[in-house]
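Below: the structure, in structure tokens.
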Ligand SMILES: [Zn+2]
């Protein structure tokens with residue numbers, strides 16, 4: 001009973017309940033502290049739900065990463081909040097013309113902002129797997145060995161800044177209001193929790209449209225090429241257009257599938273992770289790849305994944 005409640009109620013609770021409450025609070029002009037309290041309560045609910053209905057029970061156990069991930073989350077969320085606080089100043093520089101649909105109902109304005117941010121952030125994410133200098137920084141996020149809600153914010157702060165700049169600058173250019181930006185920041189954080197969640201929740205046919213944990217696990221497969229799929233933050237619409245969408249309902253995941261096969265010795269410590277992109281070894285693996293010969297490090301089930309994707 002409780003399991004089914006979590007299995008089918010968890011995603012609607014966050015997507016509709018939490019995001020809807022955030023929209024109502026911001027739309028009513030409530031203090032930003034309420035949005036922060038809502039986010040903190042959602043993070044707490046995420047940890048409880050992951051323990052009550054885990055996809056992998058072992059992913060709830062720290063792998064020497066809890067304190068590091070807490071620092072990543074604290075730093076990155078603080079940067080997001082600082083950016084939101086700086087919106088009036090940023091807007092003065094970045095706004096080209098106030099074309100914002102101020103007359104739309106507040107919820108519609110937020111949905112519009114989410115859709116626009118989805119496009120910008122997804123394209124930078126896609127580029128981060130193709131452009132060497134971006135991959136150096138994005139690799140921090142792909143070093144995870146377990147897939148749980150809190151590691152959605154486990155990113156190099158410079159890479160997060162590039163992603164958010166791409167997502168928000170077009171909105172700033174047309175006059176993004178601070179209240180919409182505030183609730184957008186909450187919705188991004190909630191999405192990262194859902195997308196990396198270890199809760200075995202289900203959303204039915206919406207899994208083919210929304211970029212949630214079932215699809216995002218494929219993105220964290222550790223083999224180069226295999227994990228270059230499902231880049232979307234909120235939706236999988238852009239992946240379908242880019243030809244990078246994939247899904248296999250029978251695929252099961254374990255820690256052996258996650259991380260980066262080409263970087264098995266990626267550092268675990270917070271400061272070491274921040275420094276890694278600046279080292280020569282932070283570049284892409286440069287072993288020559290013979291397309292006719294499967295890489296010896298790629299196991300049989302990963303080769304099946306590759307065959308399916310090609
Ligand atoms: Zn990625």
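Even glycines carry a Cβ here, placed using N, Cα and C.
The following features are taken from TrEMBL:
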type     : residues : note
COMPBIAS : 301-310  : compositional bias 'Basic and acidic residues'
DOMAIN   : 110-244  : domain 'Fatty acid hydroxylase'
REGION   : 285-310  : region 'Disordered'
TRANSMEM : 7-27     : transmembrane segment
TRANSMEM : 33-53    : transmembrane segment
TRANSMEM : 74-94    : transmembrane segment
TRANSMEM : 106-127  : transmembrane segment
Reported mean pLDDT - the domain 'Fatty acid hydroxylase' (110-244): 95
Residues in the domain 'Fatty acid hydroxylase' (110-244) grouped by DSSP into helix, strand and remaining coil: 87 helix, 4 strand, 44 coil
